[in-house]
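Asker: Have a look at this one.
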Amino acid sequence: MGIKSALPRYELYLYTAVLGVALIWAGSWIFEASSENIDRKAFKESVQPGWHYFGRKMDAADFEWMMWFSTFRNHILFALAGHVIFAKIFSLLAPKIGINGCKHRTLIFGVYGGLAVLVTMGWTYMALVLSHCIILYSVALVKMKWLCFAAGLSALASIKLEPYNSWQEALVTGSFDLQDVLFYGGCGFSIMRCMSFALENCDRKEGNYTFCDLLRYNFYLPFFFFGPIMTFDKFHAQVNNTQLTRKEREMWNITTKALLHLGIILVVDVFFHYLYILTIPSDMKLVAKLSDWCLAGLAYSNLVYDWVKAAIMFGVINTVARLDHLDPPQPPKCITMLYVFAETHFDRGINDWLCRYVYDYIGRDHDKIFKELLATICTFAITTLWLGPCQLVYIWSFFNCFGLNFELWVAKLFSLPPLSTIEGFMGGAMSRRIRGVFNAANFWTIILYNVLSLNSLEFAKLVGRRLIFKGFPLSTLSVLLVTYCGVQLVKERERKEALLEDPEPVKAVDGGKEKAE
């Protein structure tokens, strides 16, 4: 049935009330578990002194969050601010020395980025990154996609698999707290960008892109260490646009989003003083004693937090990119809005890269079962290599690959008679309710399949056992009911967006009077 099928307003009000009460209820269980166990020995390393205004300790279990917004906040802000200031000074001086600033701005971005990487990581690291660039550029000149993939994936494997990654890491001199993060982030994203460059060069009918084009693309500092990845075709088109004009209220929107990100950072830090959602799952003895509602809340909140973290980290970087007149990849879609595997991702840049060069290239229209199976297997094989092959990643990739294909199989099944005929006799609202039941179950498979990569396999197995088996029927059905309410509210939001994009035609009623559907 169509996405525009509506439900009665009072029904949506009921769903909102049920969902709101359930979230408060689950949150209260997490708050109680956090408060009562604040002095546990298992919490000593990850629960640390927080803001003295609250008089409570703070959950500091996530290294990435603490790195970005606490420990190395000033270093990261200094580097990004330097990029903006450097670009602004060049734009002011360029006309005075007879240089077209719009035409050569990518060169300035690349020079600043290269110098920043050189100063931060040293000449051996710079030489290592350049060697990857030179190899993949040489392969790109052959214009054979399979060879570009072979060379790129081999280079990626060299920094993800032992002993090659340890050998390369040993080349980097010096030692500081961020070295591992910057080494693997910079090398990994560089290789993915070089592969994008090589594959786009294969599609170019006449001539080749230059090595300078690759260096400007790769050493754009805001994207270099932490992403997101912007595919070369988009980056090249945007940075070579000489008509640098701002849309109406664009600077206002950039400023507003920057302030919004700052506000969310503060809100998350406040929550970390009261809800230890990251530390609790690491203590399996405590987790085994918690209620089913508390476990469900922990699993859900961990995925929501991971989305918030990705949205904020990429949002900070994207703010700088927008100041440079770029349109970077958007933040990932919130986990709350996801009830199908086809839309599940936590890094839109990597997702766009995989879709463009692997998933959509092989799967085409995604309506053939065997093509879709091959496309998903290839996509998750590369994703596994990108994340770093290990048992946990293998399990995560297998279940998400299965979930994506299972959705297609079910869709194919329901498109055949007699199921399609039965649904045809239903009203749009009833069809939406029935689909919502299946979507609610699918939502929790997405939660369970992904929470194991954020916490641990043991935590995911415990949550699954408690909610599906030990908690049946009360906990199982009550959690599904609440999830069903949330799914219907998401569907209502999608319905309104669909109506804005494609309004329903106005029908003539009662002697020519027009009434909107």
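Heads up, the Cβ atoms here are built off N, Cα and C, so glycines get one too.
No curator has checked TrEMBL annotations; they are predicted automatically.
So TrEMBL lists these for the protein:
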TRANSMEM  12-31  transmembrane segment
TRANSMEM  75-94  transmembrane segment
TRANSMEM  106-128  transmembrane segment
TRANSMEM  134-161  transmembrane segment
TRANSMEM  258-278  transmembrane segment
TRANSMEM  290-308  transmembrane segment
TRANSMEM  369-387  transmembrane segment
TRANSMEM  434-452  transmembrane segment
TRANSMEM  472-490  transmembrane segment
Asker: Between the stretches 12-31, 75-94, 258-278, 290-308, 369-387, which one has more Cβ pairs under 8 Å with the transmembrane segment (134-161) than any other?
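Answerer: Of the candidates 12-31, 75-94, 258-278, 290-308, 369-387, 369-387 scores highest.
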Asker: Does the transmembrane segment (258-278) reach the transmembrane segment (75-94), going by 3 or more CB pairs under 8 Å (6 or more apart in sequence)?
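Answerer: Answer no: the transmembrane segment (258-278) and the transmembrane segment (75-94) share fewer than 3 Cβ pairs below 8 Å.
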Asker: Between the stretches 75-94, 106-128, 434-452, 472-490, which wins on the count of C-beta pairs under 8 angstroms to the transmembrane segment (12-31)?
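Answerer: Checked against 75-94, 106-128, 434-452, 472-490; highest Cβ contact count belongs to 472-490.
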Asker: Under a Cβ pair cut-off of under 8 Å, which of the recorded stretches 75-94, 106-128, 472-490 contacts the transmembrane segment (290-308) most often?
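Answerer: It is 472-490 that shares the most Cβ pairs under 8 Å with the transmembrane segment (290-308).
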